[in-house]
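What follows is one structure encoded as structure tokens, with my remarks underneath.
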Amino acid sequence: MNIIMAGIDYKLAPIDVREGFSFTKAMMKQVYSNILKDTMIYGTVIISTCNRTEIYISCEEDFCVNPFEVLCNAAGIDFTPYEKVHRVKEGDEVIKHLCQLACGVKSQIWGEDQIITQVKNAIAVSREMRAADSYLEVMFRNAIAAAKKVKSTLILNSRENSIVHKALKIIKDQETMNIREILVIGNGEMGRLMTNVLIENGYRATMTLRQYRYHANVIPLNANTVDYSNRYEKMKDCDVVISATLSPHYTVEMENLKKIDKIPKLFIDLAVPRDIDPSIKNLPNIELYDVDGIGADEISKNHAQQLKGIERIIEKYICDYHKWCLFKEGLGCI
């Protein structure tokens, strides 16, 4: 038995390359189904976030296909353009990488907390698809436990060190704009969080709602709402537009935007695949930020020092996983 992984992330490829691996739930179900048709593969887990897509595979020792090629084939994507923009790890390096990932030290924003939830969700979806074998289950369990231990032991980041608060900082830095009214497109988890943070910081925030889901929505306290179909009309009254949806299509299109009498000066796109047509940055006096443009944290001296403490903590969980593997293999010999 062997564990292998491969992935693409913000360090290896820009957003226009990565967004090809943003899967809907229906697509993900089909991808899992296609992967498990290979009898040499025992289990698989796919982590898909705005900054990365990674595939973890439990397989026979002599399985020699590139894991990322496996993912591409299962998703109906040509592997050729991605041959030089992904990384592959095998054996002990896989759980070490996963532990570091879950701790947030491989994130674009150092130490961010959302990745733990994303790792949990990834193994949960794999389990739901009946794609996770016991080796992957235990490996992910140990990585999540390691991340929780790190978070409770070390202070990796402040509340402000998140993509939402990075977006807030961009807004606050626009000193000459006199920003008051902000439109948030999207009422999912990210959209609600962004709306809450804006209101907490004294901005008037309006969040879009889909008409057919009005009664199912949770609306942040003191937030205004507008039907999604009226978003362009609302933009006339706004200084900033932030979009954070899971839509496979643009929520802000160039052609529709040009029809507005008064176009907001600042657009922030928190989605992958992108919500906002990138060509709008060619309009005069328009600023557009996407998840890459919001900026990655540099590895500071403080981060390097923290990394040593993190390595000491996760080593225990890596050892625990190895002990479990030895026990599991020992049972097989009885």
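Cβ from N, Cα, C; glycine included.
What Swiss-Prot annotates here:
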- Cys50: active site, nucleophile (ACT_SITE)
- Thr49, Cys50, Asn51, Arg52, Ser107, Glu112, Asp113, Gln114, Gln118: substrate binding site (BINDING)
- Gly186, Asn187, Gly188, Glu189, Met190, Gly191: NADP(+) binding site (BINDING)
- His97: site 'Important for activity' (SITE)
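Note: His97 (site 'Important for activity') has non-local neighbours Met5, Lys89, Lys106, i.e. same-chain residues 6+ apart with C-beta under 8 A of its own C-beta. The Cβ of Gly186 (NADP(+) binding site) lies under 8 Å from the Cβ of Met207, Thr208, Ser243, Ala244, Thr245, Leu246, Thr251, Ala271, Asp275, each of which sits 6+ residues away along the same chain. When every Cα pair among Thr49, Cys50, Asn51, Arg52, Ser107, Glu112, Asp113, Gln114, Gln118 is compared, the largest distance found for this substrate site is 15 Å. In this structure, of the binding-site residues Asp113, Glu189, the smallest number of CB atoms within 10 A of the CB marks Glu189. Surrounding the centroid of the Cβ atoms of Gly186, Asn187, Gly188, Glu189, Met190, Gly191, where the record places NADP(+), the chain contributes additional residues within 8 Å, namely Val184, Arg192, Leu193, Met194, Ala244, Thr245. Within the set of binding-site residues Asn187, Met190, Gly191, the entry lying nearest in space to Thr49 (substrate binding site) is Met190 (CA atoms). Sitting within 8 Å of the Cβ centre of Thr49, Cys50, Asn51, Arg52, Ser107, Glu112, Asp113, Gln114, Gln118, and not among those site residues for substrate, are the Cβ atoms of Gly104, Gln108, Ile109, Ile115, Ile163.
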